[in-house]
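The structure under discussion appears below in the form of structure tokens.
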Amino acid sequence: MVNTRKSSLRLLGSKSPGPGPGPGAGAEPGATGGSSHFISSRTRSSKTRAASCPAAKAGGSGGAGVTLDEARKVEVDGSLSDSHVSPPAKRTLKQPDSVCKDKSKSRSTGQREEWNLSTGQARLTSQPGATLPNGHSGLSLRSHPLRGEKKGDGDLSCINGDMEVRKSCRSRKNRFESVNQSLLFDQLVNSTAEAVLQEMDNINIRRNRRSGEVERLRMWTDTEFENMDMYSRVKRRRKSLRRNSYGIQNHHEVSTEGEEEESQEEDGDIEVEEAEGEENDRPYNLRQRKTVDRYQAPPIVPAHQKKRENTLFDIHRSPARRSHIRRKKHAIHSSDTTSSDEERFERRKSKSMARARNRCLPMNFRAEDLASGILRERVKVGASLADVDPMNIDKSVRFDSIGGLSHHIHALKEMVVFPLLYPEIFEKFKIQPPRGCLFYGPPGTGKTLVARALANECSQGDKKVAFFMRKGADCLSKWVGESERQLRLLFDQAYLMRPSIIFFDEIDGLAPVRSSRQDQIHSSIVSTLLALMDGLDNRGEIVVIGATNRLDSIDPALRRPGRFDREFLFNLPDQKARKHILQIHTRDWNPKLSDAFLGELAEKCVGYCGADIKALCTEAALIALRRRYPQIYASSHKLQLDVSSIVLSAQDFYHAMQNIVPASQRAVMSSGHALSPIIRPLLERSFNNILAVLQKVFPHAEISQSDKKEDIETLILEDSEDENALSIFETNCHSGSPKKQSSSAAIHKPYLHFTMSPYHQPTSYRPRLLLSGERGSGQTSHLAPALLHTLERFSVHRLDLPALYSVSAKTPEESCAQIFREARRTVPSIVYMPHIGDWWEAVSETVRATFLTLLQDIPSFSPIFLLSTSETMYSELPEEVKCIFRIQYEEVLYIQRPIEEDRRKFFQELILNQASMAPPRRKHAALCAMEVLPLALPSPPRQLSESEKSRMEDQEENTLRELRLFLRDVTKRLATDKRFNIFSKPVDIEEVSDYLEVIKEPMDLSTVITKIDKHNYLTAKDFLKDIDLICSNALEYNPDKDPGDKIIRHRACTLKDTAHAIIAAELDPEFNKLCEEIKEARIKRGLSVTSEQINPHSTGARKTETRVEEAFRHKQRNPMDVWHNSANKCAFRVRRKSRRRSQWGKGIIKKRKVNNLKKDEEDTKFADYENHTEDRKLLENGEFEVSTDCHEENGEETGDLSMTNDESSCDIMDLDQGQRLNNGAGTKENFASTEEESSNESLLVNSSSSLNPEQTSRKETFLKGNCLNGEASTDSFEGIPVLECQNGKLEVVSFCDSGDKCSSEQKILLEDQSKEKPETSTENHGDDLEKLEALECSNNEKLEPGSDVEVKDAELDKEGASKVKKYRKLILEQAKTTSLELVPEEPSEPVPPLIVDRERLKKLLDLLVDKSNNLAVDQLERLYSLLSQCIYRHRKDYDKSQLVEEMERTVHMFETFL
């Protein structure tokens, strides 16, 4: 688009008829430097002001194209400008001389100058007498001072002081520099509607006149206009429209507009500067529409009201409210420079880094640890980035809880503990302790366990070490550079809290091997980690520990001193380590396991890691539980168990080992295992020969077999010091060395000759051993694995055909080389090659050459033991194999067939002992019926220590303090609302005398605040109850008749809805739940709900006593009224009623009533006297009330029934055991149970006199012993049972909660079962069935009118029936299980005699030994299996004659097949 400003300016300048020096020259500065102030479309058509100088009026008449409307505006503006009023204090005046001078110059430009200004820029100063072509507003005759661009005339560049044209370029303090602006603002505010109407008229007039003005002003030539396409034409017109819409003088701007622009100026400064700098290139359509919409909704809301609404609770903001997302309010700066951007960025960066560092806090520190000592100045309390919560870490795991890893633990102490305890050692030698170590090994070997123990060890004592735990994926992020930033923050925080430890679990996922095929992100992370661990910056006292299962996957650059100084192999534990681990896991068992059993168990657990051994102990305990109490698997309720009767046996561990698959054997089976008990007598002699040869070939095996707690390092340290050792110090340093100086004769003796000394370590030259023999001699199946089991302390690398060809991604040569590399890295080690003859024939020549090359490359004295087996004779092996294993060096051991003595030991146990064993008899426990276990009582809560109680009370008090602050804010908000003034104070009784007669519980907001101060509210629910009470009182006292009453009712409902809405919107549900838990916990602990008692006049109901001490005091005072069968039962006491309930004993349910409010002490005493009299009358009628210090689990306190429906009563009415009724009705017992769901209705059921003494005693026994809920002060009597007898049948009705609370019928029946003798268990089972039939009896008859039995509610009847059905189903399940497993006792018959011909068995043994002379080991095993099957088939026979005959036939038949 072509800029036509200057061209049109020249045209206007040449046609200007008005006087004045240089109109054309004077218009150009005005076109580019005019003021840019504007007002919105709502006020653009308002009346303008005239010029303040007299010359302006004279110049206004000389304008060529001034319309009548504009002339009228000139007169109005002139009148406004005459009334000069001082502006606000912040709007300073400019010098009047320059103003007049500029106005005189602008006057000479006339209308042409005005049009040029309106089309030149977005926000321009309006010129005299012009009308904008867009029709939005008119221009005043008074010209604003111009910021002229000095291009030819110096006089035209005069500026009004330091007044700038552009809004973004001028000084903000000169923004409202006009005398008449405040007058215009006042006038526009008062005449908004008139301005809008005039605006619409001006739009229509100027829209019709726009095309004529364009032609008259010669904006474009005809050719140029016609050549433009429609798109360019429309766009050009829209830009002209947008420019002219802001071409209004600054002094016409509304002050509220300016203030609102100032509040948004920080967000819009950059856009305004760009838009005004580009002038014609950027439209303002969106901004125009937004401004128009803002001023169309009257009235204008003041800014301070909006601010007050958003910051209602900013003074005492607590976590009880949700955090609302608030709009950031930018500050208004007077500086127009951007020099503070860098400083602002640095401040934001520092705050962001501080917040991120605070999230990287150690996992072994708690809030109290960080708030104490020097750590208080280092960090602030925050959350850890690791997925390990400090509360979830087992604090009991210490170094003494780890078995078999003493070497690793000592190394960790050298790295972490010793630099703190003995810094003088490191200072003396000027050394730094190792700062990095790498844990690697199979899964479950204790890598993470050692890290946990280290974290707990670092948390002890005065010098605590910060422990940071990260997994490999914790630092990864999808954002570019975020992973590196997290690593840098982690090391930064660790450096601030030094000494510290960073543990990277599964570090292979964080720092894999870098390669060309790898993603660049991982390469960057690895590079960052390398630089952080050992870069230019000193890492300081930061120990880095990494753990991985795949050592080869870690980048090799990490595996060097300075980064990971040490590498610890966590191999599978050997027998000694396994025994230690078993001792650790079973040290708290009672009774403890014997040392001999643990040793044998450790020997059997070959290939088990630490996690497997722990799982073995757990599985064995569960099997013992399953064997002792199988009933618990058939019931979903907790049953009473005798834990002391659960005793583990060796059989439990055996079955557990059958169920567990070791982690190391899930993918690859272990190569070594001990000789089985069956095969040991047969191959024990051969195995001992192998061990003897092994000591010669591979002397390092002695270290593995020794039970002493020593290794090579300890052998060196315990060795006697060589007195003849040479000094390693300089000759002049006599005082520093205790050694004698070297003589001239011994100069050439090497200093480091310890490796050649046989006193320090065993020496072996290429240790190799080949077990050769006939096929089936047991060298591969039994002897070699047993030998590897003996050497299990060494790492074993299996080199067989599956190891070469199982991985398709590797070639056999590569797999072979990999195995040798691993063997050389973990010396001393073993390379195991089973079936070497078959292996040599199967592999290719390349693999053979690779194997021989790698074997020869092993150093001569390197302790790498090559163990091989061959199923062929040594003479039949290939020559290359014979060259590897030499007979003359005792590297070949020939396995011979078992001799006669070995075979006799092998078959002796089977023939003489197993075949002559009597048949097994059923155990006495199996013959008896399964024991029906009673339901268990809920266990009492754990007793807290004094410190825990105090800490918990402090936390609860802090939470309740936040709740009170929130409730005060809500109450203040309601009280200060004018609509709710009538509820802010109590009702004046003098004005409304009958108020207390209608309203029994008055409530107002001032009383609510008082209750808040007295700590009466533990939850927001209690607060809302009083708000609802205010509403209900207003609705009850003010009928819906008069208009005034209707207003009060409307405001009461509004008060209720407002309070509920505020609570629902601003109260955090988690915080509310926490308050509910606090209230429930305090009720369970026996504490009163409120810390201060409410005044007597505020309640009209009886007070509730909930103190446990008072309950026990009443228990001692009235021993006959206490049920004392269990230590966990509720404490009952006979108490005096506080209000009249005389008609309750007659079985009549009436609407609950409350006493009137008492205003003084005398009325209260009088009511107490009446209640006491009422109690005496009740006692005379055979009734009294038993009150319990029990509360329901829903958290409501037992108290006033008239307050809320959520409060329930635990009152129980019963007859004293020593009292009898005089009316001959027999024993009378009344029970009252009030529940939340029944709206405070009591249930009184009277048992008939037809109950026999046995049933009565059972019921009394239940009342004494089975009122249990797990705690002494928290029992709820919702489930009080009621026994009814209708038509001679017994019916049990109860109301039991669910879950842990058991029904009363269960307790009655199970208690009867526990009292009966065990020998009559079958008869008791029949009694239970009769009781179940009694339970099925329903009460179908109507009650007599004069009876004392209360009619039950329909809902309660259904609930009671459902509970009875539930219990009946439980009893039937146990009865069904019992009947299934019940074995009828067989009549006692004499045990038949055992017939065994032992002499015949001995002959069979001799025959068997003779016939198996030439049999191999595998053939002997097959014969043993056949004989074992014969014994199993005849295991129930008392006459073993047929067994012996079948065994003889088996021996002869086996010999025939051979």
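Note that the numbers count up from 1, one per residue, in the order the chain is shown.
Note: Cβ is positioned from N, Cα and C throughout, glycine not excepted.
Annotation source Swiss-Prot lists region 'Disordered' at 1-155, 244-286, 321-353, 1189-1208, 1217-1257, 1309-1330. Taken from Swiss-Prot, the feature phosphoserine covers Ser16, Ser79, Ser81, Ser86, Ser140, Ser318, Ser939, Ser1338, Ser1347, and the record attributes it to a large-scale study or a structure entry. What Swiss-Prot lists as compositional bias 'Gly residues' is 23-33. According to Swiss-Prot, the feature phosphothreonine maps to Thr221, an assignment based on a large-scale study or a structure entry. Annotation source Swiss-Prot lists ATP binding site at Gly441, Pro442, Pro443, Gly444, Thr445, Gly446, Lys447, Thr448. According to Swiss-Prot, the feature domain 'Bromo' maps to 951-1066.
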Specify the count of other C-beta atoms within 10 Å of the C-beta of Gly444 (ATP binding site).
22
For Pro442 (ATP binding site): DSSP state (helix, strand, coil):
coil
Position of peak Cβ density within 10 Å, selected from the recorded positions Thr445, Thr448, Ser939:
Thr445
Looking at the binding-site residues Gly441, Pro442, Pro443, Gly446, which sits with the largest number of other Cβ atoms within 10 Å of its Cβ?
Gly446
Just to confirm: which same-chain residues, 6+ apart in sequence, have a Cβ under 8 Å from the Cβ of Lys447 (ATP binding site)?
Phe439, Tyr440, Gly441, Asp505, Ala547, Phe570
Residue pair Gly444 (ATP binding site), Ser939 (phosphoserine) - Cα distance, angstrom, rounded:
35
Around the recorded ATP site, report the further residues of that chain (criterion: Cβ within 8 Å of the mean position of the Cβ atoms of Gly441, Pro442, Pro443, Gly444, Thr445, Gly446, Lys447, Thr448; site residues excluded), sequence-ordered.
Phe439, Leu449, Asn549, Phe570, Cys609, Gly610, Ala611
Averaged over the domain 'Bromo' (951-1066), what pLDDT does the prediction give?
92
Name the one residue among Pro443, Thr445, Thr448 whose Cα is closest in three-dimensional space to that of Ser939 (phosphoserine); these are the binding-site residues.
Thr448
Please spell out the DSSP helix, strand and coil residue counts for the domain 'Bromo' (951-1066).
86 helix, 0 strand, 30 coil
